[in-house]
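Q: From Swiss-Prot, here are the annotated features:
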type     : residues                      : note
BINDING  : 9, 10, 11, 173, 213, 234, 235 : substrate binding site
ACT_SITE : 95                            : active site, electrophile
ACT_SITE : 167                           : active site, proton acceptor
């Protein structure tokens, strides 16, 4: 049985006071939810403050990125070990915005994933196709390449620390959402590829999240699909009531 994960990616939003106010609002909404793993990913500068705010509740902390070296002359970077020290249990790696704006490649994603696993973090590994790639009927080709390259060199045991997040780039922040059926087809393909690269048993246990304009209004239909194990939520994770409603999609 794969435990669902609802993860909120705050992107470049919420200073310290805003983050703490959000957590204070969210906790009462989700504190009785025991059958869903809840993760929030604030900006680096508020990680420690948010960790203190969620210390006694069922919410876990993620960063939005990391570097592949643990320390050194790498100005502006944050290492996986530093994220653990700040209280993180998870880290998002390979988000489409990192790929689009900051030169992230499959190679750098792979290096970051290996470093994060070594530090003990659970990785939310993002993959997904652009609109042009989908219209050129290259969705499966793109997903397979991203999975093969991103997970290259990982041992089977490492997959216990991997959660895959499928984010069709054309549906991020656009208000467009893949239909439940489109999302399920992509998720089933991702699970198939993981089975081919590792084992069918690993593929059956790995959790695959959907990310692409997830809202309270569409989360239940997505979560009813057999290969969708959760959501990586963007805009709707910035308001406690909407994120709480997504977390409590079973209610």
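Backbone N, Cα and C define each Cβ position, glycine as well.
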Q: For the recorded substrate site, whose residues are 9, 10, 11, 173, 213, 234, 235, find every other residue on that chain with a C-beta no more than 8 angstroms from the centre of their C-beta atoms, and list them by sequence position.
A: 172, 233, 236, 237, 238
Q: A 10 Å Cβ contact count, applied to the recorded positions 11, 95: which residue has the minimum?
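A: Sparsest of the recorded positions 11, 95 by Cβ contacts within 10 Å: 11.
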Q: Do you know which of the binding-site residues 173, 234, 235 has the most other C-beta atoms within 10 angstroms of its C-beta?
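A: Buried the deepest by this measure is 234.
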Q: How big is the gap, in Å, between the Cα of residue 9 (substrate binding site) and that of the residue listed as 'active site, electrophile', rounded to a whole number?
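A: Cα of residue 9 (substrate binding site) to Cα of the residue listed as 'active site, electrophile' measures 10 Å after rounding.
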Q: State, in Å as a whole number, the widest CA to CA span among the substrate-binding residues 9, 10, 11, 173, 213, 234, 235 given in the record.
A: 14
Q: Would you identify the secondary structure of residue 167 (active site, proton acceptor) according to DSSP, in three states?
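A: The residue in question, residue 167 (active site, proton acceptor), is coil (DSSP, three-state).
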Q: Which residue, of the binding-site residues 9, 213, has its CB surrounded by the fewest other CB atoms within 10 A?
A: 213
